[in-house]
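Report on the structure given below.
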Amino acid sequence: MSNTLLSVTIRLFNGSMQGDLMTYIVALTGGIGSGKSTVANAFANLGVSLVDADVIARQVVEPGTPALNEIKSRYGQNILLTDGCLNRSALREKIFNDPQEKNWLNALLHPLIQQETQRQLAMIEAPYALWVIPLLVENNLSNKANRVLVVDVAPEIQLKRTMARDGISRQQAEHILASQVSRQQRLASADDIIDNSGDPSTIPPLVASLHHRYLRLATVTQQDLHR
């Protein structure tokens, strides 16, 4: 996950996404190490269309994109890896504790992420789409979805998973966790909750049940719109 890039998607949508798009939107969110990808993949296995904020944040700075060229012009060749991709660690160092540089990056990436997110959502013709967005609550975007699904685990599990996955120290993991909203705040935004602290085999049946629920809700919403 690119925490650097996702952290700058604060003002992702200026208008009402629901007002402009007909597809029913389920926002999938959760803290770091909660297992959002596991849940998202379970939905994808059922044929659900996904729009992933993390993927989009990477797409807008791929080699050859205007955004990456702007970043290189500002910070120099060392901001790139040898293969021409963005050096995310170097970028994180540039904007860490530097509000001016972070604001510059915000201004560059916000419109691009917004445009690509809306483009992908507009292309979906399925009854509903799963919008995977880790910082949904932090960025006050819950009202841009019809329904919010939170993947929940205890903070200690988040720390252990993040340390194992990213190869970072406990202190670093705690720092990331502290930068996100509390577990209680995230759960307060939820319409639905998946407890992902147990055996991964329990996830597909839970997702299948939610999938049928969302199909029903999407159908009812569409019917209401056409009355």
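Counting starts with 1 at the first residue shown.
Heads up, the Cβ atoms here are built off N, Cα and C, so glycines get one too.
Keep in mind that this is a model prediction, so the values were computed, not measured.
Annotated features in TrEMBL:
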BINDING   GLY33, SER34, GLY35, LYS36, SER37, THR38  ATP binding site
Using the centroid of the Cβ atoms of GLY33, SER34, GLY35, LYS36, SER37, THR38 as reference, list every other same-chain residue with Cβ within 8 Å of it (recorded ATP site), in sequence order.
GLY30, VAL39, VAL151, VAL153, ARG161, ASN196
Which three-state DSSP class does SER34 (ATP binding site) fall into?
coil
List the residues of the same chain that sit at least 6 positions away from LYS36 (ATP binding site) in sequence and have their Cβ under 8 Å from its Cβ, in sequence order, or write 'none'.
LEU28, THR29, GLY30, VAL132, PRO134, VAL151
Same chain only, sequence gap of 6 or more: which residues have a CB within under 8 Å of the CB of SER34 (ATP binding site)?
VAL151, ASP152, VAL153, GLN158, ARG161, ASN196
Other CB atoms within 10 A, centred on GLY35 (ATP binding site)
21
Near the Cβ of GLY33 (ATP binding site), how many other Cβ atoms are there if near means within 10 Å?
23
